[in-house]
């Protein structure tokens, strides 16, 4: 439990720093910083618990889920027209199919909210499918909108 508490504290600090840093950077760097936080919170934090690699703690998992709710609101503003230059990993479809991209982002955010609601309840039987559904939205978006 102490390890998960330490991880949670590190993730919260990193996310707060990255969010502030993102404000000062160009859109490509800003969204990369946010998605890096996604990996820490969703993958290394929550995902590790779902895989049984880290112990489950109801309160700490719920905090991570709430952090994901906030993170899920952030990256989309950093995909303005013309931000496909440089070291962007975004495919042209982000800008050529904006309605589809917005729909994917909205679906992702909605399922992250459902995951957070399940996490508040603390029942892993409810959390696991909610996590899986949210995870599928990540993969679906990457398949269409992210370069390999």
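Backbone N, Cα and C atoms are what each Cβ position is placed from, and that goes for glycine too.
According to TrEMBL, the protein carries these features:
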type	residues	note
SIGNAL	1-21	signal peptide
BINDING	138, 141, 142	heme c binding site
**Item:** Residues within 8 Å of the 138, 141, 142 Cβ centre (excluding the heme c site residues themselves)
**Value:** 104, 108, 137, 139, 140, 143, 145, 146
**Chain-internal residues near residue 141 (heme c binding site), provided their CB is under 8 angstroms and they sit 6+ positions away** = 104, 105, 108
**Prompt:** Which chain-mates of residue 138 (heme c binding site) that are at least 6 residues away have a CB under 8 A from its CB, listed by sequence?
**Reply:** 38, 42, 108
**Complete:** Row residue 142 (heme c binding site), column other C-beta within 10 angstroms, all chains, value 14
